[in-house]
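Student: Quick paste of what TrEMBL says about this protein:
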type     : residues   : note
ACT_SITE : 44         : active site, proton donor
BINDING  : 42, 72, 75 : Zn(2+) binding site
DOMAIN   : 1-118      : domain 'CMP/dCMP-type deaminase'
């Protein structure tokens, strides 16, 4: 949630992500599309890049990715490419979800890497920060 709050402080869509290995955070990220003016700077992508640097490897085996909102299709693909075996997310992403809501890339048997997915951790808090953000955005 802290990474999502950082995104919110920067007037970004409040999505936050951490990658954990052996009980330690090895990668962190939050949405930074507006700040960096790069369309692909989603929280998961930023956390994967941070973890790749930390581990000095593109393979993030034995890791778990925690994210406040269901990964989109792009981020789900990146999770698979990074070989992350476990994903835990808070609230579903009914508009762009790539991990169960619209598409199910992470568990698709046609792909060579499948991911264990856990849904609903801090779901109410994760959904609320998004709803508040968009409610306030519409008022502006």
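Even glycines carry a Cβ here, placed using N, Cα and C.
Can you tell me where each of these features sits in the structure?
Tutor: Taking the Cβ of residue 44 (active site, proton donor) as reference, residues of its chain lying under 8 Å away and at least six apart in sequence are, in sequence order, 17, 29, 65, 67, 71, 75, 78, 79.
Secondary structure at residue 75 (Zn(2+) binding site), as computed by DSSP, is helix.
On the 0 to 100 pLDDT scale, the domain 'CMP/dCMP-type deaminase' (1-118) averages 95 in the predicted structure.
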Student: Quick one: which residues besides 42, 72, 75 have a Cβ within 8 Å of the Zn(2+) site's Cβ centroid, in sequence order?
Tutor: 43, 44, 45, 71, 73, 74, 76, 78, 96, 98
Student: If one looks at the chain holding residue 42 (Zn(2+) binding site), which residues at least 6 apart in sequence have a CB under 8 angstroms from its CB?
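Tutor: Residue 42 (Zn(2+) binding site) has long-range Cβ partners 15, 29, 31, 33, 72, 74, 75.
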Student: Specify the count of other C-beta atoms within 10 Å of the C-beta of residue 75 (Zn(2+) binding site).
Tutor: 29
